[in-house]
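> Take this structure first; my questions come after.
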């Protein structure tokens, strides 16, 4: 590549060159055939923009609010795991970048920095992403720590009763790093000789596969924070989300890392927005590569978009290192 990178796709190529293959595959990969991964991006290309002329655009304000918190642009940093694989300061560096950009970071439960470390790194609005675990005391512990540390909302991921089959990780025999948020709660050292250690940890010891709509009431009972559901893709589930009283939803297919052949998120956004009828905010993630993608999502009703992994490399200061993959 000649010259400095000027778009996210070019940053992705730099990431491929800089990171060990095993890490790059984890960040960039999807489930099974990666059909939905490709469609998340390509579906945007089928949406065109009808420009209006002779409109005064001399003063443009990109700021918006999410749950009452003002941000400079309608782009949040989506929850994503293991930032230290890409930067030595990990999620602390991402949090500082979000603060400088005056936007909201959603910290992943699988961060390589603790809830407390990220909270103390800078003064900014942050949300916390989590799951409901078989041991409910683990979920309660994480949520209570986030609330004590000043996180402003909980983002509950609801599309993962089992971990998606991510074949690149299986082939690479990906080994889970020590998950700092779980220290003292459960053992995160899972030994497996067959495929991905990450798959073994999540699927066999953590997630509550019986989670259902009735459990949203339990979650709301253990925190005073607003709750958003991440992983909504249908009109029917959007209506149920409103009925159980959540404070917002995120239209998401988990970056195409869960159920392959799920619809690309931009193709169902309008359906979900129509279902909630403005009663709660609708956020969006999946396939964002350019400002025009953000514009399209907003035009179809999203209040803001989430961007992460290689969709958000503009927030990451990658340094070339020896390729050990």
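Every residue gets a Cβ built from N, Cα and C, even glycine.
Quick paste of what TrEMBL says about this protein:
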ACT_SITE  254  active site, proton acceptor
BINDING   26, 131, 166, 254, 257  glyoxylate binding site
BINDING   79, 80, 81, 108, 129, 157, 230, 252, 285, 286, 287, 288, 289  FMN binding site
DOMAIN    1-325  domain 'FMN hydroxy acid dehydrogenase'
> Between residue 129 (FMN binding site) and residue 257 (glyoxylate binding site), what is the CA-CA distance rounded to a whole number of Å?
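Between the Cα atoms of residue 129 (FMN binding site) and residue 257 (glyoxylate binding site), the distance comes to 16 Å.
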> Among all chains shown, work out which of the binding-site residues 26, 131 has the most CB atoms within 10 A of its CB.
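Selected residue: 26.
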> By a simple count, how many Cβ atoms lie within 10 Å of the Cβ of residue 81 (FMN binding site), its own Cβ left out?
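The answer is 21 other Cβ atoms.
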> If you measure residue 81 (FMN binding site) to residue 26 (glyoxylate binding site) at Cα, how many Å is it?
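Between the alpha carbons of residue 81 (FMN binding site) and residue 26 (glyoxylate binding site) there are 10 Å.
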> Among the recorded positions 166, 254, 257, 289, which residue has the fewest other Cβ atoms within 10 Å of its own Cβ?
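Among the recorded positions 166, 254, 257, 289, the lowest count of other Cβ atoms within 10 Å belongs to 289.
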> Output the one of 79, 287 that, of all these binding-site residues, has the highest number of other Cβ atoms within 10 Å of its Cβ.
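Neighbour-count leader: 287.
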> Across the domain 'FMN hydroxy acid dehydrogenase' (1-325), what does the mean pLDDT come to, as a whole number?
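Within the domain 'FMN hydroxy acid dehydrogenase' (1-325), the model's average pLDDT equals 89.
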> At its widest, how many Å does the recorded FMN site span between Cα atoms of 79, 80, 81, 108, 129, 157, 230, 252, 285, 286, 287, 288, 289?
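Across 79, 80, 81, 108, 129, 157, 230, 252, 285, 286, 287, 288, 289, the widest Cα separation comes out at 23 Å.
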> Using Cα-Cα distances with a 10 Å cut-off, which of the binding-site residues 26, 131, 166, 230, 285, 289 are near residue 254 (active site, proton acceptor)?
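Close binding-site residues: 230, 285.
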> Enumerate same-chain residues with a sequence separation of six or more from residue 285 (FMN binding site) and a Cβ-Cβ distance below 8 A; give 'none' if the list is empty.
78, 230, 250, 251, 252, 255, 265, 305, 306, 307, 308
> Can you tell which of the binding-site residues 79, 287, 289 lies nearest to residue 131 (glyoxylate binding site) in space, using Cα positions?
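When the Cα distances are compared, 79 comes out closest.
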> Please state how far apart, in Å and to a whole number, the two most distant Cα atoms are among 26, 131, 166, 254, 257, the recorded glyoxylate-binding residues.
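Answer in Å: the longest Cα-Cα distance is 20.
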> Would you mind checking how many other C-beta atoms are within 10 angstroms of the C-beta on residue 230 (FMN binding site)?
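Other Cβ atoms within 10 Å of residue 230 (FMN binding site): 23.
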> Other than its own, how many Cβ atoms are within 10 Å of the Cβ belonging to residue 129 (FMN binding site)?
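Result for residue 129 (FMN binding site): 25 other Cβ atoms within 10 Å.
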